[in-house]
Amino acid sequence: MSTNAMIDLALDRVDWTALADNQEQLPRIYTPGEVLMPEAGFMRGHGTFVEDENIKASVAGVIEKVNKLISVRPLKSRYVGEIGDVVVARVLEVGQKRWRVDTNSRLDSLLLLSSVNLPGGELRRRSAEDEQMMRRYLDEGDLISAEVQNVFEEGTLSLYTRSLKYGKLSQGILVKVFPALVKRRKMHFHNLPCGASVILGNNGYIWISPTKTDDQVGGEGGFAQNLTEVVPRNEREVIARLRNCILALAKCKLMLYDTSIQYAYEESLKYESRELLQQHVIFDIGEQTQARLRDVDLMD
């Protein structure tokens, strides 16, 4: 049995003329252990260490200089949370009056029982009965959307879901990308015109789900799930296409937000969903999306 294989050479995808013209504008990438500058007169920041009276890079990345503070911004890193960030997280453990959750950060995050809505949105003090019912609210493996309430000194994040737009997530797809690719904006919950909803977590976890109707939103304090409801085939195809579009944008290192995702979805309609996994299709969608975003910026 023989099959046809498509081989794309990276050599054919590189615009060598543009690369030569922009050589002076490209940032300098430092490798771990490489000397940045002498220690005299400078202070070392994140991603650096001092050795033999020289400031050296401890991670691979780009140098950043703020007055006399020298730091290295890594090319790839774990999520570093800030107060007010919207995150998508997975429950790892149910503890005493708290849940331990994974937010793609260096340390596990905490969700306190006092920081969640009670079923039905009831407002009252948490009792011993609520503590015994914690597994009925959120169990190991559940996915949630939440907001960062506090950042402790060691880097642990404290989350809260005291709003009906946050809470347990139901049917959908989780996509993981580098946190730096998610653009920070005021709104991270989007109902896209293509017929699906996305939650763009600042931690690099993106949730794609069918769009809810007005009567399905809220009412259960963020603990409602519709796992028995059958999602129509056309909605599943839209979700799968969106997932492949987001991965294509991430592969091309393009920033992820509602406009870029919608443009990528529209550019992908000339392909089948399974074709979006091919390298030449990924780069075609990335180039077309980048061109449309550039045109919008010029118009503004």
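Just so it is clear, glycine is given a Cβ too, placed from its N, Cα and C backbone atoms.
Unlike curated records, TrEMBL annotations are generated automatically.
Since the structure is predicted, the reported quantities are computational estimates derived from the model, not experimental observations.
Note on the domain 'Exosome complex component N-terminal' (29-66): residues 72-75, 77 of its chain, located 6 or more positions outside it, place their CB under 8 angstroms from a CB of the stretch. Per TrEMBL, domain 'Exosome complex component N-terminal' is recorded for 29-66.
Residues or ranges marked as domain 'RRP4 S1' by TrEMBL: 78-150.
Sequence annotations record features per position, and here TrEMBL assigns domain 'K Homology' to 172-212. Long-range contacts of the domain 'K Homology' (172-212) within the same chain, counting only residues at least 6 positions beyond its ends with a Cβ under 8 Å from a Cβ of the stretch, are 76-82, 85-89, 103-105, 143, 145, 165, 231, 234-235, 238-243, 246-247, 249-250, 253-258, 261-262, 265.
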